[in-house]
Amino acid sequence: MSLRLQARKLACERDDRWLFRGLDLDIRAGEIVRVEGPNGSGKTTLLKILSGQLADYHGELFWNEAPMRRSRKAFLANLLYLGHSPGVKAALTPLENLAWYQALAGEPDDAAARLEALASVGLVGFEEVPAGQLSAGQQRRVALARLTLIPRPLWVLDEPFTAIDRDGVVALEARLSAHARQGGCVLVTTHHALAASSALRRIRLGQGGDDAGA
Amino acid sequence: MPGPDASPVSEQQAGVACREPREGTAVAVRATLKRDLVLMLRRRSEVLNPLVFFALVITLFPIGISPDPALLASIAPGLLWVAALLAALLSLDSLFRSDFEDGSLEQLLLSPQPLPALVLAKVAVHWLLTGLPLALMAPVLGIMLSLPAGSYAVLALSLALGSASLSLIGAIGAALIVGLSRGGVLLSLLVLPLYIPVLIFGAGAVQAAILGAGVAAHLAILGALLAVALMFAPWAIAASLRISING
Amino acid sequence: MWAFIHKLGSPKWFYAISARLQPWCWGAAVALILVGSVWGLAFAPADYQQGNSFRIIYVHVPAAFLAQSIFVTMAVAGMIFMVWRIKLADMAAAMMAPLGAGMTFVALFSGAVWGMPTWGTWWMWDARLTSMLILFFLYIGVIALRGAFASRDSASRAASVLAMVGVINIPIIKYSVEWWYTLHQPATFSITSRPAMPTEMWLPLLLMVLGFYCFFIAVTLMRTRSEILRRESSKRWVRELAAEEGT
């Protein structure tokens with residue numbers, strides 16, 4: 001079963017200012033789509049709309065040819081979203097954090113998978129340390145461990161490279177292209193330059209909304 | 001078009017293929033209950049502070065009014081209920097705030113499980129670690145206010161029952177203000193008027209017990225209020241969280 | 001059906017139609033209130049118990065009626081906004097809230113003024129006055145919540161949810177306060193619950209109530225019109241309108 005996320009004439013108005021208008025998107029399996037644009041051009045807002053968090057938009061969204069409003073549950077079962085904040089509880093250990101995410105995603109409770117996921121992001125030896133004692137980069141890695149732990153075809157990642165060291169960036173980039181090769185799909189915003197590949201596509205958002213109020 | 005079909009079948013099985021939603025609401029609710037319980041127990045001060053606040057407020061009244069036991073006994077039911085209500089209210093501000101700040105609230109909202117069920121789990125933990133301890137502690141403070149004998153069990157029971165409604169109604173307010181940086185006073189402004197029916201019947205139950213009248217009717221109404229709150233509040237909380245996350 | 005709702009929800013259409021409606025509403029309001037107050041204050045017979053001080057009923061009761069109706073209307077408008085995303089409904093709800101709070105205040109103030117000759121004190125915890133006071137707090141909560149958000153879209157939605165939660169609670173609050181009152185003060189008589197009123201007393205009251213409603217509609221139309229211009233000031237039809245007016 002292929003996956004397809006489409007947007008038709010997508011527009012978002014925030015307090016009388018158009019962030020973007022008339023956006024047509026067709027995102028399919030095997031693609032890495034990078035959303036670009038200056039600060040304040042609505043990158044995060046677009047990702048929030050495309051991940052079903054913001055209902056306040058004009059235009060239509062389709063998940064696998066069906067309108068989003070009707071296929072929301074099916075869509076969410078295929079989505080993995082990483083926002084600005086890592087979503088890691090400081091008082092819980094990385095393992096406990098992942099256990100909650102596993103249950104929340106409807107995955108079976110599997111301790112071995114959690115250990116493996118933490119190992120895949122280079123957090124061996126930190127499994128039982130309260131996340132509050134980890135560095136910002138390590139907390140971000142705990143969040144990124146979800147990419148391995150929870151198999152979802154559509155990844156929506158908002159600035160995933162923040163606070164990650166150079167080796168981590170290389171590993172994550174490899175992880176993204178591997179996901180696309182395997183038939184997944186990645187939607188990402190980043191200030192980090194992604195290596196060009198045939199799978200990479202760019203969406204450029206407007207220059208700070210200079211068509212406001214027109 | 002870069003074809004997904006080009007990828008090997010084994011990799012498809014590794015979990016990249018499109019997925020059907022799974023049923024796992026009970027699992028997710030249980031995990032959320034467990035997570036919140038562990039979190040609250042690791043930050044014990046959050047559990048203890050409302051209790052200390054409760055005791056402190058009760059201490060203020062004899063000092064501010066009079067140490068006369070007869071006078072205190074006559075106002076004790078109302079005092080205990082108002083102080084417990086305020087203590088429960090104060091603890092509500094943090095119900096969703098830490099989840100909002102570290103980003104786990106967004107993840108909760110993006111779960112394929114029904115959001116009202118998940119927030120109900122969070123509210124249940126709040127009641128278990130705030131409302132229930134307050135109810136258990138109230139009889140001790142009742143002794144200090146010379147609450148007449150025979151009303152202690154009713155006091156604890158009415159508080160246990162009523163504070164569940166307080167947690168549910170208060171969570172709506174907490175969800176509405178979670179995105180605002182200074183929401184504390186606003187929360188009490190939103191929530192306190194809605195608490196009045198619970199206060200009337202809760203304090204009324206204790207009064208009735210003191211007068212020797214039947215308390216079954218009061219407790220039944222408190223139960224009915226809880227039923228109404230259970231019916232509406234989870235949806236209102238879920239809707240409010242969706243609004244706040246975009247604020 | 002759909003088309004009608006959307007036409008009704010179009011600010012431009014509403015702006016045009018309300019311009020024609022508005023003078024009629026103002027006319028009806030002024031006429032009804034004028035006739036009602038002259039009749040009520042000068043010609044209606046004095047009360048056999050309260051003398052002339054009962055005449056404050058001609059302000060108190062319409063204000064209290066209107067205060068409650070405005071809250072319900074506000075909640076309905078909020079629901080329309082949430083369900084069909086009609087921004088006009090939200091504009092009207094936003095404009096109604098201060099008027100509703102004002103009417104609640106008028107009802108409270110007139111109740112206090114009435115209380116002085118009747119009870120010999122400015123304030124009694126009368127059932128109706130108490131629930132009016134709680135309604136006042138509910139209004140303040142909705143207005144404060146709307147003002148607390150930086151984003152207007154979130155503010156509108158949060159205020160709508162709170163108004164809906166409040167409207168579910170209003171009957172519960174009302175009945176529990178009445179129950180509480182009869183329990184505590186069974187002997188005092190309430191200022192507005194009275195034996196059947198003679199026709200020459202209630203007819204002017206009816207006129208006043210109708211007049212207050214017309215006044216509410218007129219004020220809401222007027223304020224919503226200016227709110228439309230403010231929110232839609234970047235739209236083409238508003239600019240053309242401004243150009244026609246020569247400003």
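Backbone N, Cα and C define each Cβ position, glycine as well.
Record features (TrEMBL):
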DOMAIN    C:13-184  domain 'Cytochrome c assembly protein'
TRANSMEM  C:21-44  transmembrane segment
TRANSMEM  C:56-84  transmembrane segment
TRANSMEM  C:96-117  transmembrane segment
TRANSMEM  C:129-149  transmembrane segment
TRANSMEM  C:161-181  transmembrane segment
TRANSMEM  C:201-221  transmembrane segment
Among C:21-44, C:96-117, C:201-221, stretch most in contact with the transmembrane segment (C:56-84) (C-beta, under 8 angstroms): C:96-117
Chain residues outside the transmembrane segment (C:201-221) and at least six past its termini with a C-beta under 8 angstroms from it: 18, 21-22, 25-26, 28-33, 35-37, 39-40, 43-45, 47, 57-59, 61-63, 65-66, 69-70, 92, 95-96, 99, 103
Beyond the flanks of the transmembrane segment (C:21-44) by at least 6 residues, Cβ under 8 Å: 55, 57-58, 200-201, 203-208, 210-212, 214-215, 217-218, 221-222, 225
Confidence summary for the domain 'Cytochrome c assembly protein' (C:13-184), mean pLDDT rounded: 90
